[in-house]
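Record features (TrEMBL):
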- B:12-33: transmembrane segment (TRANSMEM)
- B:40-73: transmembrane segment (TRANSMEM)
- B:85-104: transmembrane segment (TRANSMEM)
- B:111-133: transmembrane segment (TRANSMEM)
- B:159-179: transmembrane segment (TRANSMEM)
- B:209-234: transmembrane segment (TRANSMEM)
- B:246-269: transmembrane segment (TRANSMEM)
- B:281-301: transmembrane segment (TRANSMEM)
- B:317-345: region 'Disordered' (REGION)
- B:336-345: compositional bias 'Basic and acidic residues' (COMPBIAS)
Amino acid sequence: MIEFLGVPLPLFMGQLLIGLINGSFYAVLSLGLALIFGLLNIVNFAHGALYMVGAFVAYLLLQYIGVGYWPALILAPIIVAGFGMVIERFLLRPLHDLDHLYGLLLTFGLALVLEGSFRHFYGVSGLPYSIPDSLSGAQRLMLPSWITGGDPAFMMALPNYRAWVIVASLIICTATYILIERTKLGALMRAATENPDLVRAFGVNVPMLITLTYGLGVGLAAFAGVLAAPIYSVNPIMGSHIIIVVFAIVVIGGLGSIGGAIISGFMLGVIEGITKVFYPEASNVVIFVVMAIVLIVRPAGLFGKGA
Amino acid sequence: MATNTSSTWQGWAKFAVAVAVLIALPHVLYPVFLAKVLCFALFAAAFNLLLGYAGLLSFGHAAFFGFAAYVSAHTAKEWGFTPELAIIAGTLVAAVLGVLMGLLAIRRQGIYFAMVTLALAQMVFFICVQAPFTHGEDGIQGVPRGYFLGLFSLESNFAIYYFVLAVFLIGVIIIHRTVHSPFGQVLKSIRENEPRAISLGYDADRYKLLAFILSATLAGMAGSTKVLVFKLASLTDVAWQMSGEVVLMTMLGGVGTMLGPIVGASIIVTMQNYLAEIGQLTLIIQGLVFVFCVLLFRRGIVGEIKHWWTRLRGGKDEPAHLGPSGSTGLSDGDAEAAHAQERAS
């Protein structure tokens with residue numbers, strides 16, 4: 001068995017893969033948070049809960065009307081985005097002119113209500129959601145002979161579904177990036193982030209733009225939730241842990257840039273995975289430690305424009 | 001600040017009546033329940049010192065409350081500390097934790113401050129999950145209430161209640177003194193307008209850090225005391241939900257008022273007591289109360305009563321106490337109007 005930095009290569013690659021997968025979720029979630037923060041100036045505490053709701057919607061679609069994974073991957077984010085837009089329109093908009101801490105507190109309350117409701121009806125043990133048939137199975141990845149210098153060596157088993165999660169989140173992150181940075185709608189959103197009054201003066205319906213943005217950010221969270229459903233079981237408490245980690249990532253990366261959110265998401269997922277190989281006891285806290293270091297060295301965050 | 005003797009006397013009289021009521025109360029209501037209320041009231045009052053008077057929303061106060069609880073439980077059970085020493089140990093450790101977290105957290109402001117405190121508290125949570133002395137999921141159980149000063153047994157529920165009451169009063173007096181001191185005035189001025197306070201020569205970061213440490217210390221005192229009431233320190237005390245609960249208690253009672261957190265804590269603890277049977281509904285109801293407070297009831301109970309009272313007497317309203325952070329707690333327009341009103345009067 002080939003070793004890498006003193007650990008068996010398959011073990012290292014396996015944890016790296018888990019890190020990349022967690023990183024995919026972190027990236028999609030912090031991307032959504034960054035989008036929402038840009039236009040609404042609030043940190044959406046309900047983001048983790050809505051990620052959980054996304055997974056549950058996929059589960060319920062399958063359970064009650066037999067809608068499978070692939071349609072659910074499109075439908076669940078749309079449903080949750082619609083729900084999010086209702087929240088924005090009726091609960092967040094009245095707070096728009098107040099201190100942004102109120103938005104944080106309101107969405108925290110919503111997160112409690114959502115988590116409590118699903119716990120009330122489904123308990124905390126988690127519900128199974130199987131991997132779609134088209135993505136079952138795994139690939140045996142070998143280290144080619146030109147690296148090993150001899151026979152090809154076993155590197156890792158890559159489950160198809162896990163490879164798909166990474167690909168899908170890269171696609172969705174890129175698509176969102178292009179939408180924001182390269183399209184007319186994205187230009188309007190960026191402009192409204194900089195100066196909403198001026199954009200309104202040009203005849204753009206800014207409140208509508210804000211509602212759509214919230215819907216988009218929440219839809220991304222739900223998309224991540226559906227992606228996560230077959231890997232982790234569908235569980236009412238799946239959102240509350242991940243949101244705190246994502247908050248730390250957002251502090252590290254800064255909410256200022258879309259690209260920064262994506263990069264720091266993947267990066268910290270990988271750091272977490274590698275920590276699991278070399279010092280497993282610290283894997284739960286490594287992201288918070290990185291956050292503390294960033295706060296000392298570069299308080300505005302790696303990609304931030306200031307506190 | 002009015003310092004005429006009659007209002008000082010009125011204040012002392014009110015305080016004496018409140019203490020008399022608190023002394024008599026365990027003869028009417030279950031002492032352990034009351035002791036729990038007092039612990040959480042002190043916790044919320046400590047939290048309010050930071051949110052209400054320094055304008056800093058911490059989402060990580062469970063770390064101080066819970067970690068101090070573990071320290072107090074460990075020293076009392078394993079090292080045989082007397083109750084007052086166990087509380088002092090827990091409180092001191094919370095103070096040290098407050099210095100560490102405070103130094104990091106005050107480097108960012110507003111929502112970032114809230115996220116940083118939450119993340120750091122989650123780190124403390126994971127340390128508590130893994131550290132051997134906390135006994136993981138089991139927590140530290142069967143902590144002895146011990147003998148006060150090594151002499152007086154606190155085993156009976158009445159004894160522990162009066163002990164907790166004494167700790168609570170010490171905490172509340174410290175908070176009251178802090179808020180009504182020159183230090184407290186500077187804190188408020190930083191909350192209202194930080195750049196202006198800095199331009200007047202105040203080192204805003206140092207004041208905020210001191211407020212953070214004091215708040216953390218008192219939260220630790222509340223957590224250490226709670227251990228002796230329930231003879232238990234567990235992961236619930238350090239979990240993020242606990243940080244959320246103390247925010248809720250303070251919001252519901254009234255941010256930036258002396259009585260608000262105490263009222264809020266009493267209501268939430270009572271609610272939890274009665275709703276304990278129906279499990280998850282507690283979470284839902286707490287969430288709904290949060291949403292309700294934020295949307296329609298931002299002054300909180302005590303704040304709302306004060307507001308109507310001043311209006312009834314035709315006095316000047318106090319708009320500055322509405323929000324988590326005074327100047328920013330209002331819309332800019334409102335703040336401008338408030339300043340204009342001040343200038344006019």
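Glycine residues also receive a Cβ, built from the backbone N, Cα and C atoms like all the rest.
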Mind pulling out the one from B:12-33, B:85-104, B:111-133, B:209-234, B:281-301 with the most Cβ pairs under 8 angstroms to the transmembrane segment (B:246-269)? B:281-301
Sequence-distant contacts of the transmembrane segment (B:40-73), meaning Cβ under 8 Å and at least 6 residues beyond its ends, amount to 86-87, 89-91, 93-94, 97-98, 101, 105-106, 113-115, 117-122, 124-125, 128, 133-134, 140, 143, 167-168, 171-172, 175, 178-179, 184, 187-188, 190-191, 207-208, 211-212, 214-228, 232-233, 235-244, 246-247, 249-250, 253, 255-258, 260-262, 264-266, 268-269, 321, 324-326, 328-329
Which bits of the chain, at least 6 residues beyond where the transmembrane segment (B:12-33) starts or stops, bring a Cβ under 8 A of a Cβ in it? 157-158, 160-162, 165, 169, 229-230, 269, 273
